[in-house]
Amino acid sequence: MRRKLAAGNWKMNGTSAELARLTTLAESHGSAGCDVLICPPATLLSRAAEALSGSAIAVGGQDCHGATSGAHTGDISAGMLKDAGASHVILGHSERRADHGEGDALVRTKSEAAIAAGLTAVICLGESLSERDAGQTLDVIGTQLEGSTPDGASGARVVIAYEPVWAIGTGKVPTTDQIGEVHDFIRTGLTRRFGAEAGDAIRILYGGSVKPGNAAEIFAVSNVDGALVGGASLKPEDFGPIIDALEASAG
Ligand SMILES: O=C(CO)COP(=O)(O)O
């Protein structure tokens with residue numbers, strides 16, 4: 001059985017004033033019946049790790065460089081994230097693919113660097129609205145999955161997040177059939193490439209406008225092993241009920 005994972009992506013939000021929200025979350029959901037991960041901006045990583053120490057809530061970065069060190073002004077290596085207290089890193093988010101021109105090969109290089117540093121890579125895939133409207137969703141997801149995922153991926157070191165670009169921050173959510181179709185497709189791709197055991201152990205999260213009001217319905221879909229939550233992860237009063245719904249779906 002794959003352990004469920006509720007992951008929060010704070011994106012470019014949060015200063016020291018917001019650290020108290022982590023203490024609140026740790027008090028209410030510090031030992032939930034599912035894994036919980038918060039990915040704050042890099043500036044808050046070590047203090048977030050401190051605020052959550054003693055709880056089971058893990059901390060992750062939102063990106064890393066593919067190299068271990070060197071002349072890369074403004075970048076952060078996977079080892080540095082680990083040193084700051086991170087256990088995970090989000091890679092290939094559609095906002096990085098769009099804002100920074102990141103492609104599958106670079107995402108794969110970064111995921112290899114993350115795994116080499118002892119982190120778990122949360123690799124994001126997702127189609128645009130025009131790709132969905134053109135009936136290209138599974139082709140796009142298949143290409144991203146193949147190109148962005150490193151060889152030898154395991155359940156311990158890789159998590160896949162399916163985030164349709166058109167559902168991010170828009171309040172639009174695919175139907176449960178649409179989510180199920182893509183998640184089943186990803187599962188098949190994972191088992192084909194990595195074998196039944198590893199392919200079945202890799203968790204597949206759904207992301208895009210997950211809220212307390214739609215979480216239970218999404219978590220009931222086959223091969224949905226949790227969520228990657230943006231806006232609703234910023235407030236414990238929203239993220240808490242999402243964690244509760246995930247826990248309840250685990251039975
Ligand atoms: O991009 C996301 C998480 O990585 C989803 O963002 P929202 O939950 O704000 O739609």
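Each Cβ is built from the backbone N, Cα and C atoms, and glycine gets one as well.
What TrEMBL says about this one:
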BINDING   N9, W10, K11, G169, S209, G230, G231  substrate binding site
ACT_SITE  H93  active site, electrophile
ACT_SITE  E163  active site, proton acceptor
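A map of TrEMBL features onto the structure.
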residue: N9; record: substrate binding site; contacts (Cβ under 8 Å, 6+ apart): C39, Q62, I90, H93, G207, L228, V229, G230, S233
residue: W10; record: substrate binding site; contacts (Cβ under 8 Å, 6+ apart): I38, C39, P40, P41, L44, Q62, S233, L234
residue: K11; record: substrate binding site; contacts (Cβ under 8 Å, 6+ apart): P41, Q62, E95, G230
residue: E163; record: active site, proton acceptor; contacts (Cβ under 8 Å, 6+ apart): H93, S94, C124, L125, G126, Y206, G207, G208, L228
residue: G169; record: substrate binding site; contacts (Cβ under 8 Å, 6+ apart): S209, G230, G231
Substrate site span - longest C-alpha distance across N9, W10, K11, G169, S209, G230, G231, in Å: 14
Distance-selected binding-site residues near ligand 1 (C-beta under 6 Å), from N9, K11, G169: N9, G169
